[in-house]
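Participant: My structure is below; once you've seen it, I'll send some questions.
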């Protein structure tokens, strides 16, 4: 198509940029043919005019659509060019945090410089078995592809990992090997995969070093061949190394280090075994301090040394060899510190006694004089003589360094050889996968011989890569039958010929090395003369005559000739080697033993400039040509080894991994475009793109093309044939037929055509959107217009009405205003008149009043004068009279006052004494009332404690301990009471004295009662005040009581919650324990199968027929696993042998004893949880009792209270004894009648007493609760504040003391208090006596209970000897006697037990009788079994039957006549027919016929009926043989057909039914309650098969796990295709372009699994299990496991597939999940927990669909996705990819917001769900209503030898 169609306005292009390499811009004007300038606008808004090249007129590269950006495969891009590749890698690396990307057959890996959680075992399992294009790019995907092709194509594989230093080559190779080790495993128990991985730390220690670009840079290349056997298990490995950088041993640049092992040695110098090496810090040695940075951040060298040593040990290198290696390495460090000094200009010398040289010689075992001599001299040989010549200092230092490098190279090769020996396998290798980790293309400012060799190797590898890519392209075209046209690609064979051909660079270099006077300059001139004019790839620098330039495939490289000859010769002083060979150090001698056969003579000193030096691993291919090989140059050796490597690679299928270094500063997730482009060009990725772009890079299947571009077709264009439809449409859309080709299954497009089609599709969708928007906007505008019109009419109507109402209002207001004005004017006139009238009247009134007042005043003055005169005269007379009267009165007052004072004093004394007495009486009365109330409470508490103690003494032996502690406490209290006896007597005497004083006071009271009457009002007022205070105190008391009750309730609730939590925790622990147990069972089953397989292999190897399994001795059998039983088939065949009878009998007895022991253990375990709960409750009660006891000890006042209560208890006891005596008399008077019979007088008296006791007991209970709450609250108050110890008494005392006025009143109060104390002390003494009596009563009762227990046991033993009728009669008589005794003896000591024994004993009598009969029957069974065993041991004679069995014989005839009338549900068979029974019923049974035609579980019923007959005839050998044969046969058929779901389901259902039958007919009460009377008659009568039930339960668990695995194998291939890839809702999501790594198509082609396939399979599973009669609860568990597998596998694939994370895919997933939920509803399985297992998948689908922009969206996502982990949420957001141009990507800011909000979550960092989890299974008891006697055996089962009984 024309450029004008693509380069239109708004089209986006890439233009070159100096900083960013390529920059995006947008056309602001259409391009027309002939334009020389493009008008562009950059992303920052800057306008730009881009000038086109006038010569080429090449337009800038077009940019891909946004929906193609971020693709997994670079070849899926429509426009394939450098800027598109660079931008796609940047978007994936920076925005999506994805470091892996496919580029055709190449995996591009960008080093993130950060540890990522994408290499765990769960990720390995997720990639295992997957197609390479189905998952996101990963190193594991490449490893899986290589592993799969090796197994499928029977061809060896290679993984070639290349890249710059620091790009991550070593790590990638390490992860690839880890994948192989995890997936394949080893074929033996030698853990070969661990050894392969263990070689990594060793090689990193001796071959890796820190450089400026990488902290762990590999300074050598290696090719590791991992060997596999025929089953593709790892059996061994072999390693070949290349290009060891020896010069690093003696020289390191700034910020670099030597090899890691030297620093590990220095860091471990403090270790005792390293003391002899005389090492120190790395800063001490010359060979480790040149880089001036001996430490790597985050690396502990001492810890790394420990790892290295462990790896050596794992590979079989023993401790002595390890120390020898470290000794050689330490010697190298000391050699570097040897100081060489000048003797003169041409010679040098080492000072004598040089410490480092002495240590070197000591460690290496050589002579000091010889080594110091040859370090400074060399030997020259001529034809006739040999000369020893001294060398100058510089040459001596170079010779020292050359020796160090030579020793290290030898050591390196020795370690590699021993690692290979450790990894070598004796098993024949069937195939291998090679992993090549080698340098990438290098170019520096100064390039020397090392860079030349590295780039030469990369040229060879690039040629092999180009040819492989070209070959794959050709194969693809030929497969699709597309005309093949030769693709022009870069062939670097001319460059390789320039280097290695005859008269090439290496050939001329070797020739120059042979010349006596050869030099670098002469070699350079030869190069110029040979190649400068003949080869275009060879150039000469303009400014240099000592360099040359070679045009490599990646770039031009200028090499400096200086040092080439010396590095190629790589010579060493032979005399120094002879000195080392003469060493006493065995390891050193071993290192140089093959010196004459070495293919790699080690190097000399480095050239001036410090460039790196190289070494090559020896080639042992031709050991017979040692003299000739010794003269080989380094270049020739390297060329030969490279040729061998290329031959190996060409013989394998290669897989390529290109590692890219994103920046030079090791910043995490930082992308430098310049550095990335350099490496992309150098590693051949862009060449791959160019080759792909030269042909047809974009490829679509016809179905995918039709689904994607259906919108571009018209209805008439759609034909039934999709291929013809696509052809017709393409011919219309793309006019140029050269732009596409039609293959057999795919359409091939030229570069850019997919982008053009995407543009057409987007335009069509945009036009459709515009049309939809137009219609919608029209509809919205019309709706808006109609609303506005209606609103306008409504407004007009209301406005006009409003205006009319306003006019009417105006008229009304005008008329009203006129009326108001009229009345207002009238009012104003009338008001004016009235004011004037009032003013005139006022003036007249004032004037007349003034004149009257004047007249009145004159008359008044005259009258007043007369009055004054009269009053003055009278006053004078009265003054005289008053003075006389006052004198007389004063005299009288003085006399009367004197008498009154005397009388008042007497009255005050009397009044005070009476008032105090009354107050004292009031206080005492209150206290007496309180004491009385507390006595009542204490009495009730004691009654309750008595009941508890008596109950606990009878039921549990542990309570006796508590009574003993109580007894010790009471004894202590008794001693305290005795000690206080003297004080009590003193207080009594004081009380008598106070009583005498009280009598005197009463006499005085009578004398003054009359006088005190007049103070009665004051006293009443005082009493009212006291009552108010009392009311306040009562209110406070009520509040405190309420608070105490609330606290008690809270405490109870708290304990209940704690109990619930503890119960929940116990249930969780039980589930975990069940899960662990079931996992152990599965592991046990796996080991059993492995054991059987090994046994079969051994039998096949030995080829000796073994007819059966022989029984081992009894000792071995008893030591076997509790749940493992050997096959009994061999026993049945050898049963006729008489020799084995005794062995069998002894084995049976051992088995019997073991079964008996196991029964006891199972019963104990069964009650474990319940006992645990009971113990916790008992501990809680004991804790409360201890708190009460401590509380009583802490407060003596409470003891005094209790003494008052116990007095009341004594009175109550007397009352009860009196009632008891009355009852006894009534019973004695009616001795002839039956005691306690209803209606008798004794019975009536007993009921009356019992009712009254019950009422009194309830009242006492309430009082005890109140008292206990008060005690608890008082204890808390005492702990917080001592002043608040009591609630009532101290307050009264304080108030009384405060009211007392003088010392006399205080003394009187003291006397009253003393009186009270005496009373309390006496009550305390009574309490002690009461406690002792109660304790004695409890002891007596306990003794009586023990005696009663012994008597019951004796009676039980006697009853066992009686027949059933006599036994029943004796039990009834005994029970009546016991009830009579209980009724006559001490009924008041335990009222509750007394009431229960009287009212309920007669009712429960028959139930107890039945329990006793069951116990007797169980004992009888055990006695029979035991007797049978003894008979077998003694010869089986009937005369030796035990007496117990003989006594039981009369019981049998009771039931025999009834059972003979009809069938008893048993099947009889002969012993020799057991094998036939098992064969026909288990081994050869077809499950499908049984499930369809017969009743479910028929084999289980038949087996159980056979077992019943064996139990009926009491044949334990037959029972055990049948059960063991059944179990082993089920295991055998499951092992044979374990992959058949129908078979596994059938035997799971029958095993569970057999287990339920054993439970249902076991005779246990917990199972019998579900049976009918007829079924209870069919219970097993002789044997207890509880342990076999456990064995069958374990077998059912194993079958269930096998069923889950079988189901998982069937569902696994369907899940991803049906749940993710298939479009259930057609047209919702279009198919995006794919690259060379084709994904599985999401279109439902023939043979593709869909959601309907999954649902059909689920229906099949469900129907099969229902037909087999599987328990409904078990079906629910299976369905839950099925849905978990579906959800986990779907979610894991969603998290690992970027192409599946889109909005439309979320809709598809939610629809699929809804279909699964609908299936659950149809099957009534919504409550089985299956829906909850899909919750993570549902939330992931919702996450794909929700809005992802604002903070509110982030908050909604965090609250919604509670079932997903933070890692999963962030992964989905990073992978979210728009499918259409209308969607938007998730911004990095939003993802960081999510991470910040979820930072506080505490969860597992694991990304993927564990698909191997199997929920623990339980088998709830499911009884059958089917009657055994009604079961008919069909003839199709071939069981005619069975007889119904």
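Cβ coordinates are placed from backbone N, Cα and C, and glycine is handled just like the others.
Unlike curated entries, TrEMBL annotations are predicted automatically.
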Participant: Which is it, of 550-572, 573-595, 642-664, that TrEMBL names as region 'Actin-binding'?
Facilitator: 642-664
Participant: Given 1033-1065, 1066-1098, 1165-1197, which one carries TrEMBL's region 'Disordered' label?
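Facilitator: In TrEMBL, residues 1165-1197 carry the label region 'Disordered'.
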Participant: Given 463-496, 497-530, 599-632, 667-700, which one carries TrEMBL's region 'Disordered' label?
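Facilitator: Result: 599-632 is the stretch TrEMBL calls region 'Disordered'.
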Participant: Here are some binding-site residues: 165, 170. Which one has the most Cβ atoms within 10 Å of its Cβ?
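Facilitator: Top count of Cβ atoms within 10 Å goes to 170.
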Participant: I want the residues beyond 163, 164, 165, 166, 167, 168, 169, 170 whose C-beta is within 8 angstroms of the mean position of the ATP site's C-beta atoms, in chain order.
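Facilitator: For the ATP site the neighbour list reads 111, 214, 217, 218, 440, 659, 661.
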Participant: Out of 166, 168, give me whichever of these binding-site residues has the highest number of other Cβ atoms within 10 Å.
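Facilitator: Max Cβ neighbours within 10 Å, all protein chains included: 168.
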Participant: List, in sequence order, the same-chain residues at least six positions removed whose CB sits under 8 Å from that of residue 169 (ATP binding site)?
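Facilitator: The list for residue 169 (ATP binding site) reads 161, 162, 163, 218, 437, 438, 440, 659, given in order along the sequence.
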